[in-house]
Each structure stands twice: as C-alpha cells, then as structure tokens.
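Here the structure is laid out as structure tokens; the discussion comes afterwards.
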Amino acid sequence: MTDKVLDDISHRRYNPLNGSWLLVSPHRTKRPWQGQQEAPALNKLPEYDPQCYLCPGNKRAQGDSNPHYKNTFAFVNDYSAVKEEQQEYHPRKDAAGDGDDDIASLLLQAQPATGRCYVLTFSAKHDTTLADMSATEIVPVIETWTRIYASHLSASHPLRDAAARSLSEIPPNPDGEVEPAKKQQLRYMQIFENKGAAMGCSNPHPHCQIWTTSTLPEEPGKELAQMTKYHREHKGRHLLEDYVKVEMAKGERVVWQNDGFLVVCPWWAVWPFEVLVIAKRHVRALVELTSEERLQFAEAVQEVTRRYDNLFETNFPYSSGIHQAPLDCTEEEAETSWFHMHFYPPLLRSATVRKFLVGYELMAEPQRDITPEQAAARLRDCGGELYRKSLQ
C-alpha cells in the first residue's frame, strides 16, 4: 500500500511514461467551491436527428450524403486538420552561424505536416454512447480502428504480417472502407474521442476522430522515447509490462481487470478520475489483438465509460485516445511500443464542478487534489448496470 502519510501531505509524483512530474495536494479536497459550474448533460437526445451531420442518410455540411449504415461509418473529415495536398515547404537546415538570419532560422523553426483525418461513428443511433453499448456492440468500433490502422502501415513495417492475419479475421464493413492516404507514407495514427460539450465536442452523435500525420506527435513521441529508454536500460524489460505487475500487486489503484486488460487510475494521474487501460501482454498495436482480446478490450472500454456515467449519474465528459506503434517505424520502435488507452475526464466533485488546468498548472506543473487511490476506490464502487437504464 502507498505510504499513508502521502494521503495527508502535499507531494510530487513522477510519470515515467512521459518523464514529467505533478503536484498532489490531498488536503485541498475540503476547500469550498464558489467558481464556475457546468450544466450537467441531462437532456434526452432522439435516436435519430434529421439535423445531425452524422446520422444515417443525412447530408453533411459539404453536401455528401451518409449511407443508411447500421453500425459504424467512417469517412474522410470534411474539415481536416491536415491535408495531403498543400503547397510545399522546405525548412532551412544549414543555419550553423551566429548571423541574424542563422539565429532567426534556429529560433523560428517550422516543418510541414501533412496527412489525412477521418471521422468514425460508433453507432447509427444519435442518442447512444459507448457507455450505453454492450461489449459486443463496441467490437465493430475496434475492428474498424484495426482495419484503418492496418491499411496505413508502411510496406516494411514489422507488424505487416500481424496486420494481414488480423484483417483475415475481421469481416469487411458493409458500408464500405475508407481509402488510406496515397501520396506519402504517414508516420502516426492518433485515434481519439472528445465526449461532451465540456471537452469541445461539436456534435453529440457518438463518434471519434482518426488523424494520420506525416510526423510523430509530441505526446506519443515522448512516451515512445521513455519506453525505448526503459527497454535499453533494463535489459529488454518493458515499462508498461513492469507497471502492470506493480499495479496488480498493490491493487489500490486498480479499477477493473479481465484476462487481457488492466484498468487503473495511474500513480501519476493529472485529471481527477483519469484512467489508463493497458494490455496485460505485449501487444504493440491494434493488429496484434486476437478476436478474444478485441472483446476483452471492448469490455474494458465499456467498464470505464459506464463507471464514469454512474459516478455522478450524468453523461460524463472525457477525452480519450489510443497510443500504439507508429505507422512507419523501426524494429526497435515497434518492439518498445505497448498498446494502451488514456481517458482524461474533467469532472472533479460533481456533475457540475470541473477541474481547470490554469494558473500554477499552466505556469509551473500539473496539480491535483483527490489522490489516484481515492479516485480508483470511487470508480470501483460504480460498477453494475448503467444508472439511466433504471430510469427508463
């Protein structure tokens, strides 16, 4: 068990996954709150909304019509953050002197970023979230993620054979497949979901985004560097493999687990009820999951989202995302990657009080009040049937 003294004193915790520190202040949980309160998401949505750009059969903003899909539907984002076609930019690489132009080139660096962005609906039903779906209903979402990831792998990728095996097991999407980027080999695929208006979601229809980029983004890049460093310094051991063993032995931050996945409030969590879903065996990417593990992963996602909603009996907002091996990588980068999923929810004390990353957190380092151990205990107590099913 964690030293009990840490439950009562301010202290810092280290995040070995990205090399950062955060401040924990458990004594502040009793402070009064007179600040901003969020409007809880209590409105009942229709199963079909004729004005929704994502519902089956509807027209999207740029004029294309969605098919009358039954489960998932993926398409190229009409407002992509990165594009394949754009004017070429060649950054200067020879700034080695002390002249004004050299200094400016050193300090004002830029690099082109290209790619392709997709939108993926989780369900045809406008009023359904992952928390409302069964594990078997979530599996097609995971299968679509897998197909899109596999279609973007480089020709020399260490996981090409695994991708071929995986695709042979997964049925094709009856509503069609998205075409991968063709102009160049992309470096990384970031799958993420912003759920709820509090997290900036612009459409309540259940969906996620998939951005494929020519560069390795900052967060997965830092994690990959840390995992590679750990692997080199500890005779081939894996950082998250060892972390899973530590958390399973201690138990106090474990929220839920099955044979394939561990759900924890990590030691280094920044957000009040932050959760990390980690593969128990060395899975480097979606394409290495077996059919049984895809179901186990779906169960883990269902458990997290359902417990979130049960915690404050509201449609719990969060941002979530998957980190896995890059689309184009070396043997070492593939070997040191470990499949995991982050959940970052903002709610702190109730359905109306959220955490803000401001002030000290922006100027110094992240800070939290409730400890990860306390958060895990509360989430463990929120299992069972989704609260709103008893209200129907």
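Including glycine, each Cβ sits where the backbone N, Cα and C put it.
All protein chains considered, the CB of His207 (active site, tele-UMP-histidine intermediate) has 21 other CB atoms within 10 Å. For His207, the entry in Swiss-Prot reads active site, tele-UMP-histidine intermediate, with the evidence type sequence analysis.
There are 22 other Cβ atoms within 10 Å of the Cβ belonging to Cys55 (Zn(2+) binding site). Sequence annotations record features per position, and here Swiss-Prot assigns Zn(2+) binding site to Cys52, Cys55, His126, His205 based on sequence analysis.
Every protein chain considered, the tally of other Cβ atoms within 10 Å of the Cβ of Asp78 (UDP-alpha-D-glucose binding site) stands at 13. DSSP classifies Asp78 (UDP-alpha-D-glucose binding site) as coil under the three-state reduction. Positions annotated as UDP-alpha-D-glucose binding site by Swiss-Prot: Ala61, Asn77, Asp78, Asn194, Gln209, Lys355, Phe356, Leu357, Val358, Tyr360, Glu361.
Mapped onto three states, the DSSP output places His323 (Fe cation binding site) in strand. Residues within less than 8 Å, Cβ to Cβ, of His323 (Fe cation binding site) and separated from it by at least 6 positions along the same chain comprise Glu219, Pro220, Glu223, Phe339, His340, Met341, His342. Per Swiss-Prot, the feature Fe cation binding site maps to Glu223, His323, His340, His342; the stated evidence is similarity to another entry.
For the binding-site residues Glu223, Glu361, the largest tally of other C-beta atoms within 10 A is found at Glu223. Annotation note: Phe356 (UDP-alpha-D-glucose binding site) sits in a coil segment as assigned by DSSP. Note: the Zn(2+) site is recorded as Cys52, Cys55, His126, His205; in the same chain, Tyr48, Asp49, Tyr53, Leu54, Asn58, Asn203, Pro204 also have Cβ atoms within 8 Å of that site's Cβ centroid.
Secondary structure at His342 (Fe cation binding site), as computed by DSSP, is strand. Looking at Cys52, Ala61, the binding-site residues in this record, the fewest other C-beta atoms within 10 angstroms of the C-beta turn up around Ala61.
Compute the center of the Cβ atoms of Glu223, His323, His340, His342, which mark the site for Fe cation; besides them, the chain residues with Cβ within 8 Å of that center are Leu17, Glu219, Pro220, Leu276, Gly321, Ile322, Met341. In terms of C-alpha distance, the listed recorded positions Asp78, His207, Phe356, Val358, Glu361 place His207 closest to His126 (Zn(2+) binding site).
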